[in-house]
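Here Swiss-Prot flags 128-137, 558-581 as compositional bias 'Pro residues'. What Swiss-Prot records for 168-178, 466-496, 538-556 is compositional bias 'Low complexity'. If you look up Swiss-Prot, you'll see 203-217, 328-337 marked as compositional bias 'Gly residues'. Residues or ranges marked as domain 'C1q' in Swiss-Prot (evidence: sequence analysis): 611-744. The region 'Nonhelical region (NC2)' annotation in Swiss-Prot covers 29-117. Among the features that Swiss-Prot reports, region 'Disordered' is placed at 115-393, 459-589. According to Swiss-Prot, the region 'Triple-helical region (COL1)' annotation covers 118-571. The feature region 'Nonhelical region (NC1)' is assigned by Swiss-Prot to 572-744. Feature annotation from Swiss-Prot assigns signal peptide to 1-27.
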Amino acid sequence: MAVLPGPLQLLGVLLTISLSSIRLIQAGAYYGIKPLPPQIPPQMPPQIPQYQPLGQQVPHMPLAKDGLAMGKEMPHLQYGKEYPHLPQYMKEIQPAPRMGKEAVPKKGKEIPLASLRGEQGPRGEPGPRGPPGPPGLPGHGIPGIKGKPGPQGYPGVGKPGMPGMPGKPGAMGMPGAKGEIGQKGEIGPMGIPGPQGPPGPHGLPGIGKPGGPGLPGQPGPKGDRGPKGLPGPQGLRGPKGDKGFGMPGAPGVKGPPGMHGPPGPVGLPGVGKPGVTGFPGPQGPLGKPGAPGEPGPQGPIGVPGVQGPPGIPGIGKPGQDGIPGQPGFPGGKGEQGLPGLPGPPGLPGIGKPGFPGPKGDRGMGGVPGALGPRGEKGPIGAPGIGGPPGEPGLPGIPGPMGPPGAIGFPGPKGEGGIVGPQGPPGPKGEPGLQGFPGKPGFLGEVGPPGMRGLPGPIGPKGEAGQKGVPGLPGVPGLLGPKGEPGIPGDQGLQGPPGIPGIGGPSGPIGPPGIPGPKGEPGLPGPPGFPGIGKPGVAGLHGPPGKPGALGPQGQPGLPGPPGPPGPPGPPAVMPPTPPPQGEYLPDMGLGIDGVKPPHAYGAKKGKNGGPAYEMPAFTAELTAPFPPVGAPVKFNKLLYNGRQNYNPQTGIFTCEVPGVYYFAYHVHCKGGNVWVALFKNNEPVMYTYDEYKKGFLDQASGSAVLLLRPGDRVFLQMPSEQAAGLYAGQYVHSSFSGYLLYPM
């Protein structure tokens with residue numbers, strides 16, 4: 001009996017291993033059919049099997065490449081019908097030998113040799129891999145414990161799939177919470193007028209101000225005149241009945257006017273909404289023209305006209321030189337000369353706007369104007385009664401593709417939905433795997449129209465439409481708020497000369513210049529003109545004198561009256577044609593002292609052989625404004641320059657012919673005060689000052705008569721920087737002139 005514990009203990013170990021291996025197989029994942037471990041056939045005598053000693057019951061499993069024992073991996077379970085087919089229990093596995101009466105040796109028998117423990121043999125080589133067994137039956141294991149969630153995977157990179165078929169309209173959901181008031185939308189186009197609804201119940205009398213006059217309605221059809229009924233007898237006044245609920249009756253026949261009742265109490269001020277803005281009235285007549293504006297400033301002096309040709313020289317004998325008479329009185333104003341050529345256009349006048357004219361009489365009522373612009377959208381009215389369910393809306397824009405959900409249970413086959421509109425062609429996908437050919441399905445019936453879906457989101461803003469027809473001119477709006485200062489623009493081109501500005505305040509006169517050195521004593525001047533004395537007071541009558549001696553012979557008497565005309569003389573001899581003006585001048589006669597000047601100052605030979613004199617005279621204009629201060633002003637545009645005594649490059653006139661000269665200058669003032677001086681040999685002999693007023697173009701002029709000797713210089717100059725507003729332009733000329741009155 002001492003031998004029994006070994007085989008029984010070995011049997012229990014084998015059963016435990018078999019059951020544990022079955023549990024392990026049901027709990028893992030399935031990776032395919034693995035070969036069973038090689039079974040070591042028991043070495044049995046005729047009846048008693050031979051077992052290995054305790055501690056080496058488990059056969060050796062060869063290791064795979066990954067370090068795990070072959071056949072010991074956890075099989076992976078798949079979904080569906082992919083459970084591993086394990087061999088049916090107690091059929092394919094060789095049953096262990098039963099330990100019963102057969103394992104116990106009978107009396108008289110010999111003890112099995114397996115009970116005698118021998119030496120451990122050498123480790124054998126692994127046997128060849130056996131053929132795969134038949135698939136086992138699906139296991140029914142206990143679900144394992146839920147594993148921990150794995151680490152978050154990398155974000156998938158996929159291409160957008162094809163748009164899915166439009167789903168069936170869902171059932172009407174519960175009404176959502178009231179959303180916030182959205183922004184005020186744009187005024188939509190005027191809808192088609194709906195059918196006239198039934199008349200509503202008679203409302204309470206409103207308290208409001210009368211609105212504006214409405215548009216005249218269309219005249220209704222003229223009704224038939226009914227027969228005039230007879231007045232019935234007046235009945236007794238019955239008790240006051242309950243308030244009825246009836247429709248307002250037709251208006252009754254107008255009764256006779258009643259007696260004028262007492263005035264009622266003044267009612268409370270009405271509270272009502274302002275009426276609709278009326279249409280703009282007809283345009284009134286034009287007002288009377290305003291009073292004429294003030295005359296603009298005087299334009300610049302025009303260009304002097306062209307001097308006419310000289311007259312034909314007279315024919316006469318030179319008379320004797322008479323005694324120079326006393327200077328006569330100034331002559332009267334001569335007759336008006338011929339008008340000169342029209343000057344260039346003056347500067348535009350600056351006139352102030354006239355006073356508004358009196359209000360004109362009210363004009364006749366005009367034709368009703370065109371329909372005015374559409375008014376602003378009124379306040380939001382009370383919500384109306386819910387209308388009937390509308391037609392199903394258009395399918396909404398497909399939303400973004402959501403994350404893949406868990407695989408659900410296969411649902412029943414749905415009905416065929418409404419064929420949606422053809423979607424836009426998607427991007428070309430990658431070629432997929434070859435699928436199995438499917439069975440052709442049956443065409444489903446068209447389902448009933450679904451409930452009205454929820455309003456879709458507001459679509460994107462459409463593209464700008466075509467430019468519409470310009471609308472009617474609207475009512476001028478109110479003055480808007482002051483805009484933000486804009487970005488300074490680029491510097492523009494220089495504009496045309498502006499209108500002369502107004503003169504500013506007069507500036508201080510600069511200090512006088514440093515007195516120059518004392519000049520050399522001049523030549524003695526010419527004798528003065530004979531004086532004109534007034535007769536004195538008559539003296540007392542003296543006593544008669546003694547008769548005087550015989551006086552000298554008296555002066556010849558006055559010439560007698562002209563005698564009778566003499567006989568006709570010989571035919572006249574015409575002198576040759578004189579040269580053009582400016583080439584020479586005739587003999588200038590006596591000088592200031594009554595003596596003829598010598599013909600030594602530039603005498604020229606005329607075309608007819610006689611002496612000719614060119615007058616020293618000039619007129620020059622300034623073309624550029626604001627010349628430099630402290631230097632002669634260069635009047636650089638010449639109109640006339642006799643004998644070339646004026647140099648336009650320096651602005652200086654140099655005397656060549658001694659005599660008495662007359663100089664004049666005319667200057668314009670703009671942008672500042674102007675102070676000019678007429679210089680003779682670097683000494684100012686005359687000053688002219690003009691004050692500038694902003695917005696006005698002012699002018700100043702001066703003239704002087706100077707006695708010049710050969711070599712004397714005359715010019716204009718501005719002595720101070722504080723008054724240097726000497727201006728000139730294309731149509732605004734500043735000029736400098738001078739000419740010889742008579743030589744010395």
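Including glycine, each Cβ sits where the backbone N, Cα and C put it.
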Near the compositional bias 'Low complexity' (168-178), which same-chain residues lie under 8 Å Cβ to Cβ, leaving out any that are not at least 6 residues past its ends?
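Distal contacts: 392, 414, 417, 447, 450-451, 453-454.
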Between 0 and 100, where does the mean pLDDT of the region 'Triple-helical region (COL1)' (118-571) sit?
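PLDDT averaged over the stretch: 68.
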Looking only at the compositional bias 'Low complexity' (168-178), how are its residues distributed among DSSP helix, strand and coil?
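Split into helix, strand and coil, the compositional bias 'Low complexity' (168-178) gives 0 helix, 0 strand, 11 coil.
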Please list the DSSP helix, strand and coil residue counts for the domain 'C1q' (611-744).
6 helix, 83 strand, 45 coil
